[in-house]
């Protein structure tokens, strides 16, 4: 009875893991909609999608080698391969010539070469349970590397005190995904699946904590003081006069900045001199 209960629970977590993972796979859809609308990759990189495709193919290979309990892994990673391949196809269509060449080389070396080497090597030099263990270890190590990747984003959040590049929703769903797959792996005694997701859960929680801390502390950019319209007009006239005096000469940017700062300081001095006395500052 306990065995049936464990298998039922594993099926529930496997289905939930498929649903959450599917939502994570769809996260880049808005990005690729922008690429499609603008007919340009707009500086985006293909590396994350190439890595995701590599991971899905590797897990798919591992699931096919398993003698049992591989269905949940096969379903989601088959869908993942199709989605990531679609992303990469769109990327190559709308990328620049240089980016197309780089992406093609990346796919050939990483997704075709590395995956082919792993599959061929494990087929030739290992058999049966030994092959499953070797591929399982490769999947686990790669999963750990994938989960460690957000450390750079976390460092950026701490340095800039801004959560602009770490959306809470994505961190939440990645954490939820790690929880589902941990319990699935734990219940079917597949620790190559369960163990890396402990790290995924840990980093996911850390990202959400950072978001809650720095979302409140995120400071808006300091407001640029707008110069009085008459002063701006005078500067514009002076700029044109200097340009007319010199044959297409380009003024030094630092000199213009210093001039603006001096005018701002003068305005600040005038503002302080004309500042009304607040009740808290009075001697009453």
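Using N, Cα and C of the backbone, Cβ positions are placed for all residues, glycine too.
Because TrEMBL annotations are produced automatically, they should be read as predictions rather than curated entries.
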Given ranges 70-94, 220-244, the stretch to which TrEMBL attaches the annotation transmembrane segment:
70-94
Against the transmembrane segment (70-94), which of these stretches has the most C-beta pairs under 8 Å: 6-26, 46-64, 106-126, 165-187, 193-214?
46-64
Among the recorded stretches 6-26, 46-64, 132-153, 165-187, 193-214, which has the greatest number of Cβ pairs closer than 8 Å to the transmembrane segment (106-126)?
46-64
Positions on the same chain near the transmembrane segment (46-64), where near means CB under 8 A and six or more residues out:
25, 28, 70-71, 73-74, 77-78, 80-81, 84-85, 87-88, 91-92, 95, 99, 102-103, 106-107, 110-111, 114-115, 118-119, 132, 135-136, 138-139, 142-143, 146, 192
